[in-house]
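What TrEMBL says about this one:
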type     : residues             : note
TRANSMEM : 7-30                 : transmembrane segment
DISULFID : Cys80-Cys84          : disulfide bond
BINDING  : Cys80, Cys84, His177 : Cu cation binding site
Amino acid sequence: MGHRNRTLFLLLTAVFFVSVIAVFTVALYLNNSPPLIKGVIIPKSQTISNFSLLTHKNEPFTNESLLGDWHILAYGYTDCPDICPTTLAALVDVERNIIDSGQYTNVNILFYTVDPQRDTVEKLATYIPFFSRSFIGLTVAENTSEHLSFEKSLGLQALLTPLPDDAIGYKRYSVSHGVMLYIMNASGELQAILKPDINAQGTQSFSSDDIYRDYLALRKYFAVNS
């Protein structure tokens with residue numbers, strides 16, 4: 001092989017190896033980059049302050065209850081006429097899709113009430129199984145304030161507004177609340193927050209397909225990047 005050919009051969013070889021390294025680097029970056037979700041990923045998961053709640057089965061639910069499995073949390077109140085039941089219905093579909101796929105099935109779905117005065121354990125015990133017997137309803141234990149740290153850690157937003165004195169029955173106040181889904185990892189820490197779609201009329205809603213896709217993307221990503 002002549003000197004000129006040898007030089008050309010070495011140059012082409014070098015270009016080839018540089019190209020291979022570049023492709024490998026890009027692939028590695030893409031594999032390690034966080035997935036795009038409808039919401040916010042918390043790369044360094046956020047600790048949830050100590051709390052104590054009750055489930056709709058009148059069982060204690062604390063930080064330790066979050067350990068071992070992932071959790072998807074929705075919040076609202078049982079008398080909510082629109083966003084709460086539609087969100088829970090979407091989560092029913094998500095639960096079904098997860099079970100059918102057989103992927104990352106160690107997840108529990110929670111519903112936390114921001115209206116504990118009316119949403120007693122007994123009322124949640126009727127409401128929650130209507131959607132799924134595996135869902136877990138959460139309310140506040142009587143005469144405690146240990147739920148406040150739970151709400152603050154997640155940034156739950158709710159407002160109870162008194163109604164006029166002539167309002168009758170138990171609806172002496174109205175309830176408004178934020179609309180987010182919170183995903184907690186198996187260490188009991190906040191890993192991501194999913195945001196709803198908003199249509200032209202300002203109505204907020206979640207797509208079960210989007211929730212399912214984002215949940216799988218998060219699990220796959222953190223399975224290799226935890």
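Heads up, the Cβ atoms here are built off N, Cα and C, so glycines get one too.
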If you measure Cys80 (disulfide bond) to His177 (Cu cation binding site) at Cα, how many Å is it?
10
As a test of the contact definition, list every same-chain residue at least 6 positions from His177 (Cu cation binding site) whose Cβ is closer than 8 Å to its Cβ.
Tyr75, Gly76, Tyr77, Cys80, Val114, Leu156, Gln157, Ala158, Leu159
Other residues near the Cu cation site, CB within 8 A of the CB centroid of Cys80, Cys84, His177?
Tyr75, Gly76, Tyr77, Asp82, Ile83, Thr87, Val114, Val175
Using a 10 Å cut-off, grab the number of neighbouring Cβ atoms around the Cβ of Cys80 (disulfide bond), all chains included.
18
Cβ contacts of Cys84 (disulfide bond) (under 8 Å, same chain, 6 or more positions away):
Ala74, Gly76, Tyr77, Thr78, Phe111
